[in-house]
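Database features, via Swiss-Prot:
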type     : residues : note
MOD_RES  : S6       : phosphoserine
MOD_RES  : K47      : N6-(pyridoxal phosphate)lysine
MOD_RES  : Y69      : phosphotyrosine
MOD_RES  : K125     : N6-succinyllysine
MOD_RES  : S226     : phosphoserine
MOD_RES  : S244     : phosphoserine
REGION   : 251-275  : region 'Disordered'
COMPBIAS : 251-263  : compositional bias 'Basic and acidic residues'
Amino acid sequence: MWRAGSMSAELGVGCALRAVNERVQQAVARRPRDLPAIQPRLVAVSKTKPADMVIEAYGHGQRTFGENYVQELLEKASNPKILSLCPEIKWHFIGHLQKQNVNKLMAVPNLFMLETVDSVKLADKVNSSWQRKGSPERLKVMVQINTSGEESKHGLPPSETIAIVEHINAKCPNLEFVGLMTIGSFGHDLSQGPNPDFQLLLSLREELCKKLNIPADQVELSMGMSADFQHAVEVGSTNVRIGSTIFGERDYSKKPTPDKCAADVKAPLEVAQEH
């Protein structure tokens, strides 16, 4: 049984990374032939982990890292050792982003992608903030969809997918829409068939591409975490977010203050974005 955190704890970050990458490639080989031939990206989720572990993973070839909290990402990405030793690092923000934290996120060094745009207002705020930053490149963004319909999870209803992508493409010239992201429900029993949340995201991409005349290989799917990344890749994920399987179990006693208001009723369940 593949248990999140066990491989890293026993063999170290380098061996854990190799094992995860091997499992990703095995899953790619099992994909249906009709899926877009996009090589999956491994996002190593380093939340609650020290900068030295990021540097260690970077030394073993990992380049893309993800964080859930703006303050932790800003501190880690600004760490002098990371800036010096990891010049090609790419940071993904994968947590819920409140509008009051947008400017802080845009200041993160080497920010590569925001995976969790979940409203038109947030897209507009990110667009204007990125413009003020003066970057020559557009910021890559994904739209987060609440495929499971759970109130505890953030993301747009599936029915609003096309409208927000149209808005980003037409009204947010500083953003580059690159895909759809979901967390989905946890603990799906694969003996009952494919994860319905993953299947829904696949169907949303198909509908989106058809209506907006976008090639399918230009719309990524970010789905799959430590517990289900192989299945996610098998059915079409192009971006898996894996943390404890690489870095070991997390110590949440050292977790920074979440980037949210006390009034945000979804906050206590935010750690469910796990990865």
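Note: Cβ is positioned from N, Cα and C throughout, glycine not excepted.
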Item to complete: Could you list the residues of the same chain, at least six apart in sequence, whose Cβ is under 8 A from the Cβ of K125 (N6-succinyllysine)?
Response: K99, V102
Discussion item. I need the nearest neighbour of the residue listed as 'phosphotyrosine' among the modified residues K47, S226, S244, using C-alpha distances.
Written reply: K47
Response to the item:
Between the modified residues S226, S244, the one whose Cβ has the fewest other Cβ atoms within 10 Å is S226
Worksheet entry | Distance, S226 (phosphoserine) to the residue listed as 'N6-(pyridoxal phosphate)lysine' (CA atoms, angstrom) | 14
